[in-house]
Amino acid sequence: MSNETNCTLDFEQSVELFKEYNLFITAFLLFLTIILQYGYATRIRFIYILKMIVLWCFWPLNIAVGVISCIYPPNTGGLVAAIILTVFACLSFVGYWIQSCRLFKRCRSWWSFNPESNAVGSILLTNGQQCNFAIESVPMVLAPIIKNGVLYCEGQWLAKCEPDHLPKDIFVCTADRRNIYRMVQKYTGDQSGNKKRFATFVYAKQSVDTGELESVATGGSSLYT
């Protein structure tokens with residue numbers, strides 16, 4: 001008699017297993033649906049943070065499952081596939097951390113570790129406050145607005161400020177570049193009391209260099225002139 005135990009589930013056992021855990025599966029799928037549908041920085045920030053945590057957990061989970069697949073492969077072909085996928089997951093995870101650390105070194109913002117974006121926008125207000133926001137790519141134009149005393153850019157709430165707090169230049173940093181945007185147009189309302197309620201600013205991409213935001217912040221008052 002063979003001492004090996006067959007651990008394969010048949011159809012009836014699979015159905016029973018699903019019936020036993022269907023409530024957990026339903027709740028888990030609903031959680032993922034809410035996270036993916038509403039997890040945007042421009043919508044509900046709390047759900048967006050949960051989404052980032054889920055994405056951060058996926059890479060270590062993939063690596064762990066890949067290692068288990070390498071230890072217990074179904075056959076030789078499965079072992080080769082498991083090794084390839086695990087190595088790819090490890091390289092991708094390491095590459096993410098390298099790029100994120102390079103971006104953090106350039107802009108000093110925790111948005112650098114956002115797994116959904118490759119760039120971080122920075123607005124250094126004239127009152128000394130620094131506003132950072134995640135941005136998916138480097139645009140040609142940025143248009144921050146002030147509405148009811150609150151600064152928004154790319155649809156994201158940044159800070160409370162006044163129209164005269166906006167600087168001459170703002171920045172979008174990537175892992176290897178600093179993109180400089182120069183203010184080319186602004187509208188700060190009329191004389192009927194709207195000046196402090198709404199303002200629009202247009203910044204066009206002017207130049208690209210390899211500097212860091214820290215060098216700009218400590219470079220004197222020329223930034224705000």
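Keep in mind that glycine also has a Cβ here, set from the backbone N, Cα and C atoms.
As annotated by Swiss-Prot, topological domain 'Virion surface' applies to 1-20 (among others).
Look at Swiss-Prot and you will find 21-41 (among others) tagged as transmembrane segment. Sequence-distant contacts of the transmembrane segment (21-41), counting only residues of its own chain at least 6 positions beyond either end whose CB sits under 8 Å from a CB of the stretch, comprise 47-48, 50-52, 54, 133-134, 154-156.
In the topological domain 'Intravirion' (42-51), helix, strand and coil residues by DSSP number 7 helix, 0 strand, 3 coil. What Swiss-Prot records for 42-51 (among others) is topological domain 'Intravirion', and it gives sequence analysis as the kind of evidence.
Residues annotated as transmembrane segment in Swiss-Prot: 52-72 (among others). Below 8 angstroms of C-beta separation, residues 32, 35, 39, 78-79, 82-83, 85-86, 89-90, 92-93, 96, 114-116 of the same chain, each at least six residues beyond the ends of the transmembrane segment (52-72), sit close to that stretch.
In terms of DSSP helix, strand and coil, the topological domain 'Virion surface' (73-77) has 2 helix, 0 strand, 3 coil. The topological domain 'Virion surface' feature in Swiss-Prot is assigned to 73-77 (among others); the stated evidence is sequence analysis.
Among the features that Swiss-Prot reports, transmembrane segment is placed at 78-98 (among others).
Annotation comment: Swiss-Prot describes 99-225 (among others) as topological domain 'Intravirion', evidence class sequence analysis.
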By Cβ distance under 8 Å, which residues at least 6 away from the ends of the topological domain 'Intravirion' (42-51) in the same chain are close to it? 34-36, 154-157
Using DSSP three-state counts, the residues of the topological domain 'Intravirion' (99-225) come to 25 helix, 53 strand, 49 coil
